[in-house]
Amino acid sequence: MAYTRIERYIFREILVPTLLSLGIFTFVLLAGRTLKLADLVISKGVPFADVVRLLGFLLPSFFTITIPLSVLLGTLLAFSRLSADAEIIAMKAAGISLTRLLKPTLLLAALATLGTSALVLFFEPQANHAFRSQVYSMASRQARVALKPRVFMAEIPGMVIYADRMKERTGELNGVMISDQRNSQVPVTIFADSGRLLSDPEGRRLTLALSRGQIHRYAPHRKETPYQVVGFSRYVVNLPVDAGGGGEKRQPKMKEIPLRQLFRLAKADSTARGRHAAAEIHSRFSRPLTPLLLALLALPLGIQSNRSGRGGGFAIGLVVFLCYYMLVSLANTLAIESGWPVIPTLWAPAAILLACGLVLFQRARQEKELRLLAVLQRRLSGIWRPHRKEV
């Protein structure tokens with residue numbers, strides 16, 4: 001019965017800083033994106049509800065980062081405090097082992113892993129797809145609103161569009177002029193008798209279909225024919241309304257594709273895209289394990305980091321988290337771009353983290369000091385603790 005109370009006590013001690021960390025870090029990430037998206041409301045006239053919807057679509061991606069980080073910091077801070085207040089020593093004196101203290105820690109981490117699994121496997125791809133679709137919808141709507149007769153439209157970066165007349169019912173343009181400066185080395189000017197703005201929601205592109213006109217292209221590096229004029233009866237101009245592309249019909253990004261479709265793509269496509277799909281599959285199954293692995297590592301680190309205080313525990317947590325995600329990023333690069341074997345490469349960071357956690361936990365059970373951690377503690381003590389003035 002006493003053990004049950006202690007396990008509940010440990011669970012609460014970890015839960016409180018974990019939830020606080022989750023709220024703080026999620027707010028920080030949202031605040032950074034909110035400042036960028038606020039410009040859409042102020043300068044572009046985008047409805048506030050659309051911006052709120054975009055922020056909602058970003059939340060699953062943010063939670064896949066902040067949940068593991070919060071579990072790491074919550075566990076570190078909780079056991080650092082328990083160790084600093086000699087509660088760990090008292091529990092050991094009462095015959096309570098570290099293995100017993102690990103149970104509530106892993107229970108909370110398992111709940112975080114379940115939540116992260118649902119986010120990574122199901123909600124995050126849907127939210128990423130919805131975010132891109134919403135951005136396209138907003139951009140294409142803004143382009144249609146900005147396109148008015150006898151007004152130079154410069155909302156699209158690198159392009160200026162002008163129409164002498166516009167039929168409100170059909171949207172047909174007459175007397176069209178387009179200045180395309182996206183390639184500064186070869187500026188292009190297009191004149192057309194008529195045109196029509198067409199949208200492709202599936203391909204997330206906006207096109208301007210022109211009829212009967214000329215393309216004027218100036219290429220100074222071509223000494224023989226620097227100025228070219230080409231006539232056309234029909235010509236299509238891709239408008240880069242999606243931030244993810246230059247106006248061409250685009251394939252969905254891997255982070256937008258549902259898991260079932262990824263399996264089909266990895267099996268059917270032997271090109272680099274199929275390899276990328278296989279890497280994304282293994283990434284989605286390995287990422288949810290991060291809270292469990294970080295909690296296993298954080299318990300012995302928290303117990304032995306009491307001398308650096310809460311600030312030191314916070315700093316140690318950030319260092320561990322950054323090192324792990326740098327390792328994950330490196331593994332993704334090696335697997336996708338350098339051709340390393342997908343399975344061992346992408347699961348290596350999790351295996352390394354598990355090995356470190358087991359070694360540190362075993363040393364903590366044997367009450368052996370971690371020399372590297374002791375050195376780091378001394379460094380952090382000078383940073384986080386205020387210097388005392390000599391009297």
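Just so it is clear, glycine is given a Cβ too, placed from its N, Cα and C backbone atoms.
As the structure is a computational prediction, the values presented were derived from the model and not from experiment.
The transmembrane segment annotation in TrEMBL covers 14-35 (among others). Outside the transmembrane segment (14-35) by six or more residues, the chain places 55, 58-59, 62-63, 65-67, 69-71, 73-75, 77-78, 104-105, 108, 112 with a CB less than 8 A from a CB of the stretch.
Here TrEMBL flags 55-80 (among others) as transmembrane segment. Residues 10, 13-22, 25-26, 29-30, 33-34, 37, 88, 101, 105, 108-109, 112, 115-116, 119-120, 123-124, 127-128, 130-131, 134, 287, 290-291, 294-295, 297-299, 301-303, 305-306, 309-310, 312-314, 316-318, 320-321 of the same chain, all 6+ positions outside the transmembrane segment (55-80), place their C-beta atoms under 8 angstroms from a C-beta of that stretch.
When Cβ-Cβ distances below 8 Å are used as the criterion, the transmembrane segment (101-123) is approached by residues 6-8, 10-11, 14-15, 18, 60, 63-64, 67-68, 70-71, 74-75, 79, 88, 91, 259, 284-285, 287-292, 294-296, 298-299, 361 of the same chain, each at least six residues removed from its ends. Under the heading transmembrane segment, TrEMBL lists 101-123 (among others).
Packing against the transmembrane segment (285-303) from elsewhere in the chain are residues 64, 67-68, 71-73, 75-80, 82-83, 88, 98, 101-102, 105-106, 108-110, 112-114, 116-117, 120-121, 313, 316-317, 320-321, 324, 346-347, 349-350, 353-354, 356-358, 360-361, 363-364, 370, 373: each is 6 or more residues past its ends and has a CB under 8 Å from a CB in it. Per TrEMBL, transmembrane segment is recorded for 285-303 (among others).
For 315-336 (among others), the entry in TrEMBL reads transmembrane segment.
What TrEMBL lists as transmembrane segment is 342-361 (among others).
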